[in-house]
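Chemist: Take this structure first; my questions come after.
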Amino acid sequence: MRLVVVGANGRMGRELITACQNREDIELSGVLVREKSPFVGQDVSILIGSAPLGIRITDDPENAFSNADGIVDFSQPQASVIHADYAAQKGLVHIIGTTGFSKEEDAQIAISATRTTIVKSENMSLGVNLLANFVKKAAKALGAHDFDIEICEMHHSKKVDAPSGTALLLGNAAAEGRHVALKEVSASGRNGYTGERKKGTIGFACLRGGTVIGDHSVIFAGLNERITFSHSAQERSIFAHGALKAALWAKNYKNGLYSMLDVLELNN
């Protein structure tokens, strides 16, 4: 399968380029960076410190996507919306690991997914998506009257959005388990005199510092007992592995908007 890596000079872009090079079933056909990037025109090897690969870095989507079967996209929300439209026009699989979308941007991607196959997930890690499945089941079994839910996440100091996309994925899983909308029960940013915790809310605590790739814990706190589900990302390569797995899965599926839960057959 021939793939283009979008956001190639970012942390995840570099991981994806390396991951593609280590696979026999995937060929890196192009890389795309932001317009007027200083990397434009150079061999992609400059991004991963390897021998020349014969692939030129470009900021032109038409050029990058011309010989591809799919796109793997860890960029910015506005850019991912544009790439989804390109993918729909050309019939390319689109794997989206970008986070921080607005409701309007999500709606635009959903429209593009009527014309091509898109897998969009706040976290491409196989472990995190299995964790989300556990959280949903636990939330269903442990009712709001008996157990409070708190989600704690920590990321590196350069992360610009909070709560993290993964924390929201886990929050949505918990909310689905209790048949409520996360936006109606979410609680974050506690400070000063807050009063007692409101029953049924799902709390978020967001920590930032150092080079932490991603730590997430979901705590079910009841009377005299506490259950904690947690996941710690040791390397970004786990996200690249999941994204490539999603691309290979998506090439055999009909048009539509899917998530990693679909890829892992956890949505049933």
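Here, residue 1 is simply the first one shown, and the rest follow in order.
Every residue gets a Cβ built from N, Cα and C, even glycine.
Here the structure is a predicted model, which means the values were calculated and not measured.
Residues annotated as NAD(+) binding site in Swiss-Prot, with sequence analysis given as evidence: Gly7, Ala8, Asn9, Gly10, Arg11, Met12, Gly97, Thr98, Thr99, Ser121, Glu122, Asn123, Met124. Annotation comment: Swiss-Prot describes Arg34 as NADP(+) binding site. Annotated active site, proton donor/acceptor per Swiss-Prot: His155, in sequence order, evidence recorded as sequence analysis. Annotation source Swiss-Prot lists (S)-2,3,4,5-tetrahydrodipicolinate binding site at His156, Gly165, Thr166. According to Swiss-Prot, the active site, proton donor annotation covers Lys159, on the basis of sequence analysis.
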Chemist: So which other residues, same chain and not among His156, Gly165, Thr166, have a Cβ within 8 Å of the centroid of the Cβ atoms at the (S)-2,3,4,5-tetrahydrodipicolinate site?
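Modeler: Here the nearby residues are Thr99, Glu122, Asn123, Glu153, His155, Lys159, Asp161, Ser164, Ala167, Gly214.
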Chemist: Given the recorded positions Arg34, His156, Lys159, Gly165, Thr166, which one's Cα is the least distant from that of Thr99 (NAD(+) binding site)?
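Modeler: Its closest listed neighbour, by Cα, is Gly165.
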Chemist: Counting Cβ atoms within 10 Å of each candidate's own Cβ, which of the recorded positions Arg11, Arg34, His155, His156 comes out highest?
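Modeler: For the recorded positions Arg11, Arg34, His155, His156, the Cβ with the most other Cβ atoms within 10 Å is His155.
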Chemist: Please report the DSSP secondary structure of Gly165 ((S)-2,3,4,5-tetrahydrodipicolinate binding site), reduced to three states.
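Modeler: Once the DSSP labels are grouped into three classes, Gly165 ((S)-2,3,4,5-tetrahydrodipicolinate binding site) ends up as helix.
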Chemist: Give the distance between the Cα atoms of Gly165 ((S)-2,3,4,5-tetrahydrodipicolinate binding site) and Glu122 (NAD(+) binding site), rounded to the nearest whole Å.
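Modeler: About 5 Å separate the Cα atoms of these two residues.
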Chemist: Out of Asn9, Thr99, Thr166, give me whichever of these binding-site residues has the highest number of other Cβ atoms within 10 Å.
Modeler: Thr166
Chemist: Could you state, as a whole number of Å, the largest distance between Cα atoms of any two of Gly7, Ala8, Asn9, Gly10, Arg11, Met12, Gly97, Thr98, Thr99, Ser121, Glu122, Asn123, Met124, the listed NAD(+) binders?
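Modeler: In whole numbers, the farthest two Cα atoms are 21 Å apart.
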Chemist: Restricting to the chain of Gly97 (NAD(+) binding site) and a gap of 6 or more, list residues whose Cβ falls under 8 Å of its Cβ, or answer none.
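Modeler: Once residues fewer than 6 apart are set aside, Gly97 (NAD(+) binding site) is near Met12, Val72, Asp73, Phe74, Ser121, Asn123, Met124, Phe239, Ala243.
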